[in-house]
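Visitor: Here it is, the structure, as structure tokens.
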């Protein structure tokens, strides 16, 4: 019993560990002979090669079921969101205030518009084609170069007086500002049955305000998005796609008064009454022009 409880010295423990690492009597290293180390190494190499192959095969089969031309993630909204340029956000949404006589208050707004429209220059649209059809541009095959689909041109000059080409101030200098409305992209979305969607901007009724109806000039005419820009087939299928735009030039905004402007998309398949998403099918912003 006393022998079992005998404590080993440090040198004895080191000698046992050295003997475990290499036993000259049996030729074992770490408890195994060289041949057994070779066999166990080959076993693990073969095991992990097979496991890696099975994993790669599973990934390959999975990738064959995924359409590379369909986005991995899509919103649950059935109608596209609507965005505005210039976009200046305040504490409670879009708020645009400026003074006609002080160009420092609206220079940044026009700069935002010019920067945004730079992507709609003829040079930026060189890979797109001219479209004149008044119907949807369906493309079942990949007829464009590099296995892609064609995209229709939309250039800034289509916005005419709101293009920044004839009036670099976009109407802000004279108190008749231009605002650009854009619908967000939804893959294979068709906004209407046969008539093109159009933009309609109005003053939003506010208590204690008696406003005359808002007068608007729309560009392109009637504020419509041509149907040949739809459907959108995704970024990989249409890498050069440009969203169509509508510019609204507000003609009779009262000065020194904050008004709320509502611009909504009128189309068969676009809704704008979702209480949970203020930008679905419409955009609302506050505007105050000082003089």
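Placement of Cβ uses the backbone N, Cα and C atoms for every residue, glycine included.
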Visitor: In Swiss-Prot, which of 16-36, 37-57 is labelled transmembrane segment?
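Guide: When 16-36, 37-57 are checked in Swiss-Prot, transmembrane segment belongs to 37-57.
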Visitor: Checking the recorded positions 103, 152, 162, 193, which are within 10 Å of residue 130 (N-linked glycosylation site) at the Cα level?
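Guide: So the list reads 152.
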Visitor: Compile a sequence-ordered list of residues in the same chain as residue 162 (disulfide bond), six or more apart from it, whose Cβ lies below 8 A from its Cβ; state 'none' when nothing qualifies.
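Guide: Looking at Cβ-Cβ distances below 8 Å from residue 162 (disulfide bond), excluding near sequence neighbours, one finds 170, 171, 178, 180, 219, 247, 248, 249.
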Visitor: By DSSP, what is the split of the region 'immunoglobulin-like' (194-291) into helix, strand and coil residues?
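Guide: For the region 'immunoglobulin-like' (194-291), the helix, strand and coil counts are 6 helix, 38 strand, 54 coil.
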Visitor: Highest CB neighbour count within 10 A among the glycosylation sites 130, 146, 161, 193, 222?
Guide: 161
Visitor: Comparing the disulfide-bonded residues 152, 178, 201, which residue's C-beta has the most other C-beta atoms within 10 angstroms in this structure?
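Guide: Output for this query is 178.
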Visitor: Test of understanding: give the count of other CB atoms lying within 10 angstroms of the CB of residue 131 (disulfide bond).
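Guide: Taking every protein chain into account, the count is 16.
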